[in-house]
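Structure, as C-alpha cells:
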Amino acid sequence: MWKIHNKLLIYILWIMEIRLVSSFTSVMLCGRIPGLTPGQRNMCREMPDALIALGEGHQLGAQECQHQFRGHRWNCSEVWQRNVFAHVIPTASREAAYTYAIASAGAAYAVTAACARGNISTCGCDVRHKATPTGGGTPDEPWKWGGCSADVDFGMRYARRFMDARELERDSRTLMNLHNNRAGRTLVKKMLRTDCKCHGVSGSCVMKTCWKSLPPFRLVGDRLMLKYQKAKTVQAVKGKRGLRLVLSRKKHAGTARAQKPVLDWPKRMELIYLEASPNYCERSLQTGSQGTSGRTCQRTGHGPQSCDLLCCGRGHNTQHIRRTTQCRCQFRWCCEVKCDECDESYEEFTCK
C-alpha cells in the first residue's frame, strides 16, 4: 500500500484545521503551503474545504500511478514526493503525460466525491438529475432520476481552475500539460455510471430510481494507461493565434499542392508528449527516476519486470531466503484456529 509522504500528511492536516478556525487563520494556513501559485492561494482562501478534497485527489493519483507502473523501470514514486501542489515531473515525456492526466483526474474525482458527501459547502448533487415526478425509460422498464447524482461538472471546473493555475508560462510544455490535464478530468466525466435501484412488491421492479455515480478510480487509471500506451508525440508551431501543438506535418499528394503542409491536431482525449522517454536505468532527479538498482525482478518471463529488461543489462543478484510461516491451519470447536509451522525457501532476484 502506498503511504502518504510526510509533507503531504502535514499539509492535509493543516488544511483540515481550516474548518475549525477563523478566516484570519485560514489566510495564514493557505499562505504556508509550499508550491502554490498566487491564484491557487486565493482559491484556498475562498474555499478551504475543497483543498482537502484536492489533497485526497493527489493521494488517489499517486496510488494509481504507482500501481500502473509498479513493474516498470520508471515506477512513478520519486515525483510524488515533492511539493504536493507544484509541478510533478520536469521532463516532457510520455510518463509526464500520464502523471499530469492522472493527477487531474484524481482532483476532479475527489472534488466530485466530496460534493456528493456534503463536504464542500458550495456544491452538492447534480441538480440536472434530481428526483422528478415523471418517469422515463420505456413502459416495460420505467425509471426516474433520484438519489444523489455526482456533480462532476463542478469537480471538473474546480480541478481545471486549480490544476491549470500553475501553468503560468505560455510555452510548449505548458500547452502539453494543459492538454493532458483536460484529458484526465474529461475521462472522469465520460466514465460516469448510471446506477439504479428497483422499487416494487415482493422483489418486483415496478419502477427504478437511477442516479449518476463515479466509477472505481482503478478503472480510470486503467483507461489512462491504455491512452499512455497510445500517446502521441507533438511539436510546437507558431501561428496567427500563437503557439500550438501539432502531431506532425503532412503534405498533400500531387504536384499542385505538394508544398502546402497540413497540420494534424491531437485529439482532445489523447495523451501527448514532447520528448522521448529516457531509459530510466540510472537515478535522476531531473527525470523523476530512482534507477533500477536493487529493484526486485523476475528471472523468467519477458514483461517489463523481467530481470533482462528491468536491470538494463547489468545483470541481477540471487538471494536464497528461508522463512517460517503458518500452514495447515484448522478450525477447532470452539473457538480457536490451530496451525503448524512450515519452513519454506525461495529465491529473490534483484538488479545489480
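Cβ atoms are placed via backbone N, Cα and C, with glycine included.
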**Study point:** Residue among Cys205, Cys210 that, according to Swiss-Prot, closes a disulfide with Cys198
**Key:** Cys205
Exercise for review: Pick out which of Cys148, Cys196 Swiss-Prot lists as the disulfide partner of Cys210.
Suggested key: Cys196
Point to revise | Of the candidates Cys327, Cys329, Cys351, the one sharing a disulfide with Cys339 in Swiss-Prot | key: Cys329
Check your understanding: What is the disulfide partner of Cys311 among Cys148, Cys281, Cys342, Cys351, as given in Swiss-Prot?
Key -> Cys351
Exercise for review: Disulfide-wise, see what Swiss-Prot says Cys342 is paired with, picking from Cys327, Cys334, Cys335.
Suggested key: Cys327
**Study point:** Which same-chain residues, if any, lie at least 6 apart from Cys198 (disulfide bond) yet have Cβ under 8 Å of it
**Key:** Ser204, Cys205, Val206, Met207, Lys208
Review point. Which of the three DSSP-derived classes (helix, strand, coil) applies to Cys307 (disulfide bond)?
Key: helix
Review point. What's the CA-CA gap between Asn119 (N-linked glycosylation site) and Cys148 (disulfide bond) in angstrom, rounded?
Key: 14
Exercise for review: Using all protein chains shown, find which of the disulfide-bonded residues Cys65, Cys307, Cys311, Cys335, Cys342 scores highest when you count other CB atoms within 10 A of its CB.
Suggested key: Cys65
Review point. So which recorded positions out of Asn75, Cys125, Cys196, Cys311, Cys327, Cys329 end up within 10 angstroms of Cys65 (disulfide bond), measuring C-alpha to C-alpha?
Key: Asn75
